[in-house]
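Chemist: Feature table excerpt (Swiss-Prot):
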BINDING   145, 148, 202, 205  Zn(2+) 1 binding site
BINDING   162, 165, 188, 191  Zn(2+) 2 binding site
DOMAIN    5-69  domain 'J'
REPEAT    145-152  repeat 'CXXCXGXG motif'
REPEAT    162-169  repeat 'CXXCXGXG motif'
REPEAT    188-195  repeat 'CXXCXGXG motif'
REPEAT    202-209  repeat 'CXXCXGXG motif'
ZN_FING   132-214  zinc finger
């Protein structure tokens, strides 16, 4: 897409003076500034106006543009001015914040503010995560200094109001811009935005008003928490500032793996090894669950991969929406290190059965054969 003529963009003639260019730019930039104009395409027009002004307000760039237009043989006016300049060192965004009142409001440094949140990682056993528990944790956190009551000043003294900002925590900074002089507000570097100067600092906290301590906190872990979930403990974060509320503590859970169980949501999965005889003849076996051992009937002819479900033997939903199930997957164990007698028995079994698979296995092998024959 070809660029429009810069003079056309600003609506001025090629003989326009600097003042005329500046006046046109101020009018158009106010019209299309994104903080003022919410119409579609206003942002692009604003960038176009800004780019045109950057080119025509500089004598050297204007002369090059008048000679070469947009196709500059030097690949841009001394490094380019395609909307990315900073207007010679003054903050463009600050200018419009001052003009249009769209800047971020500075907070009152003496206003109450909530303390910072804290995070603590807790490692749980598989069982503790499933059933929940009450425990005590110890966390390092900042607390208000008891000696100075959080003021940072030596007992018997008070912080002075900052003489540079008058206690506001902000300074007015005057800048020269294309629109004239603009006043911006900055954080006072003398008091670091607090509005106060502490001349006689508390010896215990060094003037910060805070001290590091280890705090013991009772935590109730709900049943059913899972790895990566977190628990919010209100009011147990860092203390507030200027009488504001304390932050919160977030306890993040890491659940250790179990040697027998695996978890998927509220359901539990485990593998049950069976001997060849148990799988072939059937049996009644004891299955471990989180809630104790239960008896499970294994029907004759059970194959590897067969699944059984124990309803209600999983994990309680952490939000109270019922209970999960336990899923048992059978794995038939092939015997190894057989004695001579055992080998003879298996050979005899093979001879009696004719070394042929049963009906279920026959149907499977038939399907394989048909697949190879292309049937």
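Each position is counted from 1, following the chain as shown.
Glycine is no exception: its Cβ is also placed from the backbone N, Cα and C atoms.
Since we're looking at a predicted model, the values are computed, not measured.
Give me the structural setting of these features: burial, nearby parts and distances.
Modeler: With a cut-off of 8 Å between CB atoms and residues at least 6 apart in sequence, the same chain places 152, 202, 204, 205, 208, 209, 210, 211 near residue 145 (Zn(2+) 1 binding site), listed in sequence order.
Counting every protein chain shown, 21 other Cβ atoms lie within 10 Å of the Cβ of residue 162 (Zn(2+) 2 binding site).
Counting residues per DSSP class in helix, strand and coil order gives 45 helix, 0 strand, 20 coil for the domain 'J' (5-69).
Non-local neighbours of the repeat 'CXXCXGXG motif' (145-152) in the same chain are 158-159, 198, 201-205, 207-211, 239; each lies 6+ residues outside the stretch with a CB under 8 Å from one of its CB atoms.
With a cut-off of 8 Å between Cβ atoms, the residues of this chain six or more beyond the repeat 'CXXCXGXG motif' (188-195) that come close are 109-110, 161-162, 164-171.
With helix defined as DSSP H, G or I and strand as E or B, the repeat 'CXXCXGXG motif' (202-209) counts 0 helix, 0 strand, 8 coil.
The residues of the zinc finger (132-214), classed with DSSP into helix (H, G, I), strand (E, B) and coil, number 0 helix, 39 strand, 44 coil.
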Chemist: So if I exclude everything within five residues of the ends of the repeat 'CXXCXGXG motif' (202-209), which remaining residues of that chain have a CB under 8 angstroms from its CBs? That is, six or more out.
Modeler: 144-148, 150-155
Chemist: Non-local Cβ contacts of residue 148 (Zn(2+) 1 binding site) (under 8 Å, 6 or more apart, same chain)?
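Modeler: Sequence-distant Cβ neighbours: 154, 155, 202, 204, 205, 209.
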Chemist: Using an 8 Å cut-off from the Cβ centroid of 145, 148, 202, 205, can you name the remaining same-chain residues around the Zn(2+) 1 site, in sequence order?
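Modeler: Close Cβ neighbours, site residues excluded: 146, 147, 149, 150, 151, 152, 153, 201, 203, 204, 206, 207, 208, 209, 210, 211.
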Chemist: Whose Cβ lies within 8 Å of the mean position of the Cβ atoms of 162, 165, 188, 191, the Zn(2+) 2 site, other than those residues?
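Modeler: Everything else in range on the chain: 163, 164, 166, 167, 168, 169, 170, 171, 190, 192, 193, 194, 195, 196, 197.
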Chemist: Measure the Cβ-based neighbour count of residue 205 (Zn(2+) 1 binding site), defined as the other Cβ atoms within 10 Å of its Cβ.
Modeler: 21
